[in-house]
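Novice: This is the structure, below, for whatever I ask next.
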Amino acid sequence: MIRGERVIGILAAGGSGQRAGVAKQWLVLGGESVLRRSARVLAACDAVDGLVVVVPPGDEARGEAELAGLGKPVRAVAGGPARADSVRNGLAAADGAVVLVHDAARPFASAALAGRVAEAAARDGAALAALPATDTVKRAEAGAEVPRVLETLDRRTVWLAQTPQGFRRAVLEQAYAAAGPSASAATDECALVEAAGAPVTLVPGEPGNFKITGPDDVRRARALLEAPVATGVGYDTHRFAPGRRLVLGGVEFEGDGLLGHSDADVCAHAIGDAILGAAGLGDLGRHFPDTDPRWKGVSSLALLREIAAKAAERGWRVGNCDVTLAAKRPKIAPRAEEMRARLAGALGISPAQVNVKATTGEGMGFVGREEGVAAHAIALLVRAAG
């Protein structure tokens, strides 16, 4: 509240994301949707008492579920054919004397900025976050096939509009009424208030408060929100089983094999587990359970190919992996380079990005008793470009 008056945040999330090629509000960045991140800006503002989220028709339940747990009551309503229509629907559902309208595709605004806009709106009737232009601004003829400069504007008079934009409810309602059907053409709410002849206060905005509009903005947002690298650790053991093939790192060795549902390639399994861990995808058993006949006797290199593909779906590629085998037998060093090549081929990377080494465990434990083989692995994943 401000001066005892309720303040309601309206999230404009009714668009289809046509310019970005995706429904921007549902895009997940850094483990959280853009909509939820933008809503958190308003929810974290002490002045805001509740939220109204305007979503595409039919997505009301999804919108409310997406914003659950933010600490403020949430109501979802259906949007209209244009932004101004959607905000009008949100305004009708808001029960505050002051409203803050915020783009659902601006997740980087601060709660402090929202508070300053709300305070100015309560005091002056209408306010918006904006940045003074720092570049020289040219005016050109709209829609010209070959754009040409008509004039150079005095950049001291030019401000670049952001959101939140705040209003006394009555001021915004009167602006909509004055505009009539032409309100749908407005690209922001302050334009309606200006057209109605009411003053609008400029509140200094934030340079990082950009709107996710196109693919370049998505990439910029990902770079800010998602870690460029991730690491995972894998561990696996298998006991020796006479009569089975012994496969390590995709290479067949002489001697008793290892017991397992697949080919029991403990080296590949540890690497796969490390990659799954780095990508936040659980473990090997979740994806390739020993109850599934599809994986019976299969080469573990095939599992690695599947795992690399699953990581790629999450936007990751394998940067490098390092595996240590603990085994009294067989001798690994003579065939380590061959193992590196096989593992790298399955992962779609260079052998230079794979390291294989071994230890005998100094004769201790089940390895020292030659009961089986263990493998420890670490994998580094790198965020894929684009």
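Placement of Cβ uses the backbone N, Cα and C atoms for every residue, glycine included.
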Novice: Given that Swiss-Prot lists Asp236, His238 as binding divalent metal cation, which residue among His269, His287 does it place in the same site?
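Specialist: It is His269, as the record lists it for that site.
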Novice: Could you check the binding-site residues Pro289, Gly361 and say which one's CB has the most other CB atoms within 10 Å?
Specialist: Gly361
Novice: Starting from the Cβ centroid of Asp236, His238, His269, which together make up the recorded divalent metal cation site, report each further residue of the same chain whose Cβ lies within 8 Å of that point, ordered by sequence.
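Specialist: Those within range, site residues removed, are Thr237, Leu258, Gly260, Ala264, Asp265, Val266, Cys267, Ala268, Ala270, Val373, Ala374, Ala375.
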Novice: Starting from the Cβ of Arg369 (4-CDP-2-C-methyl-D-erythritol 2-phosphate binding site), draw a 10 Å sphere and report how many other Cβ atoms land inside it.
Specialist: 11
Novice: Measuring Cα to Cα, tell me the gap between Lys211 (site 'Positions MEP for the nucleophilic attack') and His261 (4-CDP-2-C-methyl-D-erythritol 2-phosphate binding site) in whole angstrom.
Specialist: 50
Novice: When a 10 Å sphere is centred on the Cβ of His238 (divalent metal cation binding site), how many other Cβ atoms does it contain?
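Specialist: Excluding its own Cβ, the number within 10 Å is 20.
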